[in-house]
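Taken verbatim from Swiss-Prot:
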DOMAIN    113-312  domain 'ATP-grasp'
BINDING   139-194  ATP binding site
BINDING   D266, E279  Mg(2+) 1 binding site
BINDING   E279, N281  Mg(2+) 2 binding site
Amino acid sequence: MSFVANPKIDPKSLGKVGVLYGGRSAEREISLMSGSGVLAALQSRGVDAHGFDPATQSVAELAAAGFDRVFIALHGRYGEDGTMQGLLEQLGVPYTGSGVLASALAMDKQATKRLWMTHDLSTPRFAMLYADTDFDAVVADLGLPLIVKPAREGSSIGLSKVTDASQMREAFEKAAALDNDVIAETFIDGAELTCPLVGEGATAEALPVIRIVAPDSNYDYQNKYFTDDTQYLCPSGLSAEVEREVQQLAVQAYRVLGCRGWARADVMLRADGKPFLLEMNTSPGMTGHSLVPMAARAAGISYEDFVMQVVAAATLDLHPNEHWKPE
């Protein structure tokens, strides 16, 4: 595995590290929790690390901060969607995780699913919803239950499970309050799984799969972050063959999107054993309830060791020519 226990990383080699957290998305609260954990981990290893909140500090302050690299612990819009990545490209500051295009693609569930379908990767059938959509026709085509959610939000924010056609309008309006694009996808009845990933391209690898057992099968925002009632099984309890199949599917999905550094694929395992990709998170949570640190621990990698390796892999899409000058 490219990520290991006890990596030999000199904290001085990382230079001055900025941890971007908070931000302006609906996931701000979770980002603050993730970033605080990352910041503490880096500082505990002797890294010159500093927190930076783009919601309260300006671009000029970011440019003047003198960061040699940054750990992006932002979730959702303005941090996980390619916008912050593009800014850091302009500033020439290496950053963790996927680049501009992969981040933007993964943030948009519609674009992600279309790309996966093009590569014959299994993902639930879906339809885009608008105010003038014939919801009855969507239900007739996709069947019930349906999952209705904003195309560009995370942490289950704005998500509804529709079990009757009469619920479609309310579910649409809930999601549309957060995003102009709303997606309805076929509900997959089965086991909820997640698979963290590290590396890039040919070196991309999957960490152990985690099985999620939420109260009443409702893994919503509250049950993700603020209760202890949700069970996380790692080892997952899946057979070695099924776990390997889920990991291989997740790696393919990661590569197709062009992800790098680290990410987390959410997967549903249907009762007949067929896995379906739901979405790719390119800036996963790093809170006390988060899943990537749990999978890393199962692979023998501590939270601090994992963070050190993520930040050591910080890079840019484009590497500026230091000798270039405008004519």
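Along the chain as shown, the residues are counted starting at 1.
Keep in mind that glycine also has a Cβ here, set from the backbone N, Cα and C atoms.
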### Candidate with sparsest Cβ neighbourhood (10 Å radius) among Q167, N281, the listed binding-site residues
Q167
## Note on the structure
Q167 (ATP binding site) to N281 (Mg(2+) 2 binding site), Cα to Cα, whole Å, comes out at 28
### Among D266, E279, N281, which are recorded as binding-site residues, the nearest neighbour of K174 (ATP binding site) by Cα
E279
### Message
Check the DSSP secondary structure of E153 (ATP binding site), expressed as helix, strand or coil.
### Response
coil
### Task
Taking Cα atoms as reference points, rank the binding-site residues D266, E279, N281 by distance from D181 (ATP binding site) and give the first.
E279
### Task
Using a 10 Å cut-off, grab the number of neighbouring Cβ atoms around the Cβ of I188 (ATP binding site), all chains included.
21
### Query
Hey, does DSSP put D181 (ATP binding site) in a helix, a strand, or just coil?
coil
### Query
Residues with Cβ closer than 8 Å to the Cβ of V139 (ATP binding site), same chain and 6+ apart in sequence?
L146, V162, A165, M168
